Amino acid sequence: MGSPDDAPLPTAPEREGVRDATETEPTGIVVWHRKDLRIADNPAVAAAAAQSDRVLPLFVFDPGFYDERGAACDARIEFLHDCLRDLDRQYRDVGGAGLTYAHGDPLDVLRRFVDAGWGVVAAASATGRYGRRRDERARDELGVEFAAGDGLVRDADRPRDGWSDRVESWLAEEPYDWDPRSVAVAGIDTGIDPERVRDAYGIDSTKTRVPTGGRGPARKKLRAFTERIADYPGSISSPVDAREGTSGLSPYLRFGCLSVREVHRHVDERAPDGRGKSMFVSRLFWNRHYTQKLLDWPGWLDEAVNPVYRGFNRDRHDPDLVAAWKEGRTGFPMVDASMRCLRETGWLNFRMRALCASVYFHVLQQPWRIGADHFYRHLIDGDPAINYTQWQSQCGLVGRPGLRLYDPRKQVRDQDPDGEFVTRWVPELDPLPAAHLDAPEKTPLSVQREVGVEIGETYPYPVVDYEAARSEFRDRYGAVHGAAAARLADESVARRASLSGGLGAARSIAADHGDADGDGGATQTGLGDFD
Ligand SMILES: Cc1cc2nc3c(=O)[nH]c(=O)nc-3n(C[C@H](O)[C@H](O)[C@H](O)COP(=O)(O)OP(=O)(O)OC[C@H]3O[C@@H](n4cnc5c(N)ncnc54)[C@H](O)[C@@H]3O)c2cc1C
């Protein structure tokens, strides 16, 4: 993202603009869209339509997401802009005025509407600390109503008690509905739209293979995936097969082009019963499970959930190692291929995300947040609720037993035995026989000479000694794991961790694996094998 090429965009609509529009027409309810970019099964749209016969759908471009503070790559922003144009069409298709675009601090913009007599409704969502503060202020200062309806549990002291049953009954409920014929959809021409924002902030994506955003493309993907769902279980793990074999719905779910419930209903009604269907449905639950975690504690984005792991690896921060990982120059071909693929396309399958996070934290032993932020920047589906919670889980910052560590060489042998993925993204290894792609540094010099690959010159040696780093990590992590498990007995830590079994599960981990003295005695059993 570049810097604005012109004068920065003004905060719009101006106070007078809102007042003028309101003087000639009665007021009503503003629907403040954020990451729920659809008009169907949308609790905020339904609530607004139930309260008033006049609604004004609004999206506010927040400069914090666009200027140097922004955490999204240009490709994710362009995907968002596609979704907005599509939302604008959704409103026009039901006879409305389309989406009103605004620019500025959302609270300043909303205040102008509230001062002119409008009410405001938004869909409640799980966010990090910035979003939570913004929403609290919107509620307290402006009376914004947040309509819940995303299946997450908000009204319980212990959200995890009976959680699955509650999500299941939410999934079975009828979608939120409204009748466009009974509501006038109003709009204000503010002079702001996605094109103007793109030009003003110099948004220009260089990524390739990025899907088009919006509900139309999302529905098409959902229909096509449902047809081939029987092949899903066999397509998940390999980075080659997963590209077309998983649903590809993550960016659409992230921006709410479809609700999780709509996806569930479509698959439930139309897909044949079988392993593919049940595995996919369980992933929709995972989506809700990780999002519930962020709702339960907004700190997942900033600090290790288990205080014992705060600052772990910080003393080893090595910017050169971090740069090698980010740029795909670690000397571990599966990591390098994945990291280059992430940077160029903004997507990786689950296993490769987990592998890259594991190698970053467990082998390169670098501070987790820098890695998680890098993923968040480049993923088109970058979702704070899933990315940061998954990072902390994969790194082992929760304190649960059974940490999984991925072996990047085994992943080549298991998931890419012909080297299709590795050589696509690391073309300098293309001449090497596939049998050497798991550990190119072990290729006999005669073979290297013969094919014209020189490890150390054309492709790096591994940036760390894998075996030594792995055992060093085991020792360091094992030494504090007992203390970390013991902290799960602390109710405030257990609440933050938001385990699927609730506080009871956290207490049993503490009882079975905790070692409050922290001498590591009980901890080695907590470490899973390298996979
Ligand atoms: C370190 C790490 C970071 C991740 N960051 C994100 C992220 O920012 N955004 C994101 O949507 N997913 C994230 N995931 C989860 C998963 O990798 C992606 O959801 C999946 O690869 C997206 O492709 P798909 O839609 O084709 O998946 P499918 O296999 O078709 O799954 C369908 C949907 O189920 C949900 N889902 C699938 N797997 C998971 C999971 N493990 N946890 C939670 N929900 C899941 C997603 O909403 C996904 O779109 C991350 C995983 C890891 C290990």
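Numbering starts at 1 and runs along the chain as it is shown here.
Glycine too: its Cβ is placed from the backbone N, Cα and C atoms.
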FAD site partner of Y232, T246, S247, G248, L249, S250, D381, G382, D383 (as recorded in TrEMBL), chosen from F280, F285: F280
Residues flagged as region 'Disordered' in TrEMBL, choosing from 158-179, 400-421, 510-531: 510-531
Diameter of the FAD binding set by C-alpha atoms, the set being Y232, T246, S247, G248, L249, S250, F280, D381, G382, D383, in angstrom: 23
CB contacts for Y232 (FAD binding site) [other CB atoms within 10 A, all chains]: 22
Neighbour tally for F280 (FAD binding site), based on other Cβ positions within 10 Å of its Cβ: 22
Reported mean pLDDT - the domain 'Photolyase/cryptochrome alpha/beta' (27-152): 97
